[in-house]
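Structure first, then comments.
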Amino acid sequence: MQVILANPRGFCAGVDRAIDIVERALTLFGKPIYVRHEVVHNKFVVEDLRNKGAVFVEELDEVPDGATVIFSAHGVARSVVQEAERRGLRVFDATCPLVTKVHMEVDRHARRGEEVILIGHAGHPEVDGTLGQYDRSHGGEMYLVETVEDAERIQIRNPDALAYVTQTTLSVDDTLDIIETLKNRFPNIQGQKRDDICYATQNRQDAVKQLASECDLFLVVGSPNSSNSNRLREIAEKLGVEAYLVDNAGQIEDRWLEGKTRVGVTAGASAPELLVQEVVEHLRANGMNTVTEHGGTRENIVFSLPKALR
């Protein structure tokens, strides 16, 4: 019986940077350090940082005057930044640089008075933050589209001054049909730059696709509120492989392993390798004697910390 590890898997550069920002701030300024929203969507990471002195809040009114606050990797609306400035809070922005690039695109279109369609999941903090970048004072409007049906129904004012952007945790494949629908309806719609698309999301999904045909079970390490982790599980299932999302090895059920001989393992972009190795050890203890690494795209991207934390 064999365990095959997908590559790449686990932490991306944006998550690494966000965690480093919180830990560095704790080292330099001491606890408590306030973090608006979970810095990344992983229960283990959040609890670890909480134990080190991070205090997670959902809104800035929970942060005392004079405190240090960190914005999560998902990004925040302009109004949140403005409130922090008004209150004189010391702020460190852990927004993923790839999310920031999308924010800049939205701002550029807004200043031109162009309408923008955001392809993403309603209620996800990244989507809330990106929608909150759009300045309507220039006469434009921004819309959220989640499905092909939304794209077929959406009504906009000027199809010749229109652009779309996407939530970074959605891959090219995730958005393909929606974008095609928008292009058919609005031939002059402007697309986002190719390098604005999150490399990590695409690479992790491609790794699952390449590995799925070799497995009769797939385990994805990640938290239930992690968008990209859920998508990895869905991809394996669509390819006909039984798949489960687990926060840790303790959530693996014995019945899942019955009759299985080749188990694929991957991790969402916010799940640490420590949890993957615990899953591997659990599988070893259940008779999976061989562990191999599946070939995949090598990632060497590193995002720098804010100057004040270097």
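Every residue, even glycine, has its Cβ placed from backbone N, Cα and C.
Straight from Swiss-Prot, the features:
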- Glu126: active site, proton donor (ACT_SITE)
- Cys12, Cys96, Cys198: [4Fe-4S] cluster binding site (BINDING)
- His41, His74, His124, Ser226, Ser227, Asn228, Ser270: dimethylallyl diphosphate binding site (BINDING)
- His41, His74, His124, Thr168, Ser226, Ser227, Asn228, Ser270: (2E)-4-hydroxy-3-methylbut-2-enyl diphosphate binding site (BINDING)
- His41, His74, His124, Ser226, Ser227, Asn228, Ser270: isopentenyl diphosphate binding site (BINDING)
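The shortest Cα-Cα distance from the residue listed as 'active site, proton donor' to any of the binding-site residues (His41, Thr168, Asn228, Ser270) is found for Thr168. Residue with the densest Cβ environment among the binding-site residues Thr168, Asn228, Ser270: Ser270, by other Cβ atoms within 10 Å. Local packing around the binding-site residues Cys12, Cys96, Cys198 was summarised as the count of other Cβ atoms within 10 Å of each Cβ; on this measure the leading residue is Cys12.
Spacing of Ser226 (dimethylallyl diphosphate binding site) relative to Cys198 ([4Fe-4S] cluster binding site) is 15 Å (Cα to Cα, whole number).
A straight line from the CA of Cys198 ([4Fe-4S] cluster binding site) to the CA of His124 (dimethylallyl diphosphate binding site) spans 16 Å. Taking the binding-site residues His74, His124 in turn, the residue surrounded by the fewest other Cβ atoms inside 10 Å of its Cβ turns out to be His124. The record gives His41, His74, His124, Ser226, Ser227, Asn228, Ser270 for isopentenyl diphosphate. Within 8 Å of the mean position of their Cβ atoms, the other Cβ atoms in that chain belong to Val40, Glu126, Thr169, Asn225, Ser229, Gly268, Ala269.
Binding of isopentenyl diphosphate is attributed in the record to His41, His74, His124, Ser226, Ser227, Asn228, Ser270, and the widest Cα separation among these residues amounts to 15 Å.
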